[in-house]
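Participant: Below you'll find the structure I mean.
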Amino acid sequence: MVSVETVGSIFIKALKLIINLVIIFLYRWGDGGEFLGIGGTWNLNEEKSADAEIVASGVMVGFLIYTGCHTIAFAFGTTKHKGELCDTIMNVVGCIMWIAVGGVALHYWKGYMSDEGFLYVNSERQVGIAMGSLCVIEGALYLLDTVLACIHYSKGDTDYTQ
């Protein structure tokens, strides 16, 4: 029989994939069809930090691939991979990285002012704040998935505990 933790984990992984895709679309086309980006620094020209953009795009694409592969593995119905320590470690890393990327985005876009007449409220800023908020929510989902992975691991269904 399928456990509640397994169903919850599959649901959370599907939700993580959907939110991850939304974040990638906002990141790439969030500025009226142009590149929005994470931001990451204020300077004289209001240019975005290349370092923050590289890390953010790596987190977004990397965890999309990892979560997609892991969700497909869940669909095969075997119980061996559910209690692997690797899943727990990747969820902890995902939680930290998503919250860090979301924090950088929120920090940048909260203080962002448009070039057009010093407008404090504009669509680019609002989309940036929404993207940062979704990144923090994604980090919270990875934390919740970490808890479920720890429950799977503690149940002792793997060869490691025998």
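Keep in mind that glycine also has a Cβ here, set from the backbone N, Cα and C atoms.
The structure displayed is predicted, hence computed values, not measured ones.
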Participant: Can you check whether Swiss-Prot puts Lys48 on the same side of the membrane as Lys155?
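Facilitator: Taking the topological domain names from Swiss-Prot at face value, Lys48 sits across the membrane from Lys155.
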Participant: Give, as a single whole number between 0 and 100, the mean pLDDT over the topological domain 'Cytoplasmic' (2-6).
Facilitator: 75
Participant: How many of the residues that make up the topological domain 'Cytoplasmic' (2-6) does DSSP mark as helix, as strand and as coil?
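Facilitator: Counting residues by DSSP class gives 3 helix, 0 strand, 2 coil.
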Participant: Mind checking which residues of the chain, 6+ beyond the ends of the topological domain 'Cytoplasmic' (2-6), have their Cβ under 8 Å from one of its Cβ atoms?
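Facilitator: Same-chain residues near the topological domain 'Cytoplasmic' (2-6) but 6 or more away: 74, 82, 148, 151-152, 155.
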